[in-house]
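What follows is a single structure, written as structure tokens, with notes after it.
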């Protein structure tokens, strides 16, 4: 008899938890719905119009030669080596820059989190690069690496011109990206570090865990949601890189990114059809990256453990 009563209580409690979770989900959807509807209404038309233009032969230099060509523009792009070169350059910059930013951003976040004296001054100093307009920062790097006048270029052997060579140019682009956006990464990770219980870290230290072990076994698992958000935001942003490449190399010497390639076709070549197709492909790539992050790290997203409560 007691077993039956206990089982009934467990079933009732389980049903109540399930009902509470359903209520929380409905509340979350109700809160998110206005912003989602507004975002969709603002972005749906431009995205749809870009898709429509990508299916047209539309060159502003020849306005009378306009026709529906279906997927012909996509075929032209995907069979062109310039697209694949630009995609490889974009992916390379994204992987290298985001990896460096995560390591440096985590180090800066740990320093800012542990700093006891002048914490506000330290945080302000770290965040200064992120507050500078990207184009202004890019020109600073451009003049610094210009032979004859640049203070960094003067450190190189005479006759060196790194911005005229592919690999050195890409290295400078990555350096400019890392310098500019590492503070953003550190800011997001710093917010995650504030959630790590100090008592847990002290207990681990008493048990003999060193700094590295505490970081890997305690800190990183706890701040995993913040890490996922930081990596996702920066990966999507880095994949759309435009400013630094436009200012530093203008896409010369095979340093085009996919955004630069789209800009060249649309605004320099006046080819609306090809430019729109490239923008749609960039949108698809960004969507794929976001889906991969959600599939791989979805359980670490804020609220992702709701069902497990």
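Here the Cβ of each residue, glycine as well, is placed from N, Cα and C on the backbone.
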Of 1-26, 27-52, the range TrEMBL labels transmembrane segment: 27-52
Chain residues in Cβ proximity to the transmembrane segment (27-52) (below 8 Å; excluding those fewer than six residues from its ends, i.e. six or more beyond): 276, 279-280, 283, 303
